[in-house]
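Features reported for this protein in Swiss-Prot:
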type	residues	note
ACT_SITE	Lys178	active site
BINDING	7-35, Thr102, Lys246	NAD(+) binding site
Amino acid sequence: MKTGSEFHVGIVGLGSMGMGAALSYVRAGLSTWGADLNSNACATLKEAGACGVSDNAATFAEKLDALLVLVVNAAQVKQVLFGETGVAQHLKPGTAVMVSSTIASADAQEIATALAGFDLEMLDAPVSGGAVKAANGEMTVMASGSDIAFERLAPVLEAVAGKVYRIGAEPGLGSTVKIIHQLLAGVHIAAGAEAMALAARAGIPLDVMYDVVTNAAGNSWMFENRMRHVVDGDYTPHSAVDIFVKDLGLVADTAKALHFPLPLASTALNMFTSASNAGYGKEDDSAVIKIFSGITLPGAKS
C-alpha cells in the first residue's frame with residue numbers, strides 16, 4: 001500500500017465539503033489533485049499545495065490511486081464518471097472511487113456496476129459533518145463496499161474522517177443511511193426555523209431565544225449551527241435550500257418505495273420547496289425561515 005506523497009488522490013467537487021476534504025488530503029501529505037468548474041476554487045486548492053487542478057479530472061486521472069467524487073447529485077456523479085469527457089475511462093484498472101454525494105440507493109448500485117465494467121472499485125460513502133469538520137478532517141463517513149475498496153481507500157478515509165461506519169458490502173447501503181440521516185437534518189432545520197419564526201412573531205429577541213435553546217434540552221446540532229445564521233442575518237450558503245429540496249425528495253422517494261409514511265419529513269420538504277419557490281433556493285438552508293410572513297428577521301451585520 002502506497003503512503004504519503006506516493007499515494008495520489010483526486011477529488012471532483014470543490015464546494016465547502018469537497019474543499020475541506022481536499023485540504024485534509026494536502027495536510028495529510030497525500031499527493032492531491034482537484035477538479036471543479038469554479039476556477040477560484042481550483043486556484044485556492046493549488047495555492048494550498050495541490051499537485052495540480054483542472055476543470056476536468058480526466059487530465060490527471062492516470063496518475064491517481066483513488067478518486068473522491070463529491071458533487072451535488074447522482075446526475076452529476078454519472079456525468080463526471082461516464083459522460084463524454086468522463087474520468088472513469090481514464091483511470092487505471094483497480095483504482096478505487098469513493099462516491100460521497102447524497103444519492104439514491106439505486107443510483108449508487110447502478111454507478112458501482114458501471115465502474116466495475118472499467119475494473120474500478122467503488123465505495124458508496126456519503127459524508128456528513130459540515131464544512132468545519134470537513135476542513136479539520138473529521139467528517140463522519142457512512143460507507144458500504146467491498147473489503148478491497150475499504151483497503152485501497154484507507155489513506156483517503158484516514159485523512160478526511162473522524163469516524164467511519166462500515167454499513168456493509170453492498171453499494172447502496174451507505175446511501176440509504178445518509179438519506180435517513182438527512183430526514184433528521186432537514187426536519188431539525190425546519191423545526192428550528194419554525195421556532196425562531198414564532199419567537200420573532202411573539203416579540204422575543206432572536207439572539208435571546210437562540211441563547212436559551214442552545215443551553216437547554218430543546219437544542220440540536222442543526223439548530224445551534226443553522227439558527228446562528230438567522231440571528232446574524234447571514235444567509236451565505238454553506239448548504240443551500242435547494243440541497244434539502246433534493247435530499248428530502250430522496251427521503252420521500254425512499255419511503256414511497258417502502259410504502260412508509262413520513263409526516264414530519266413531508267412537511268419539512270414542503271417548507272423547503274416553498275422557500276425555493278419564493279426565490280431562496282440558492283441561499284443557506286436556514287433561509288427556510290423566510291417562508292413565514294408577518295415577522296421581521298435580523299439583517300446582516302456590518
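Cβ coordinates come from backbone N, Cα and C, glycine included.
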DSSP three-state assignment (helix, strand or coil) for Met19 (NAD(+) binding site): helix
Site of maximum Cβ density within 10 Å, from binding-site residues Leu23, Ala35: Ala35
Chain-internal residues near Ser31 (NAD(+) binding site), provided their CB is under 8 angstroms and they sit 6+ positions away: Ser5, Glu6, Phe7, His8, Val9, Cys51, Lys63
Ile11 (NAD(+) binding site), number of other Cβ atoms within 10 Å: 30
Alpha-carbon distance [Lys178 (active site); Ile11 (NAD(+) binding site)] in Å: 20
Greatest C-beta neighbour count within 10 angstroms, which of the recorded positions Arg27, Lys178: Lys178
CB within-chain contacts under 8 A for Gly15 (NAD(+) binding site), separation at least 6: Asp36, Ala41, Leu70
Distance from Lys178 (active site) back to Ala35 (NAD(+) binding site), taken between C-alpha atoms, in Å: 24
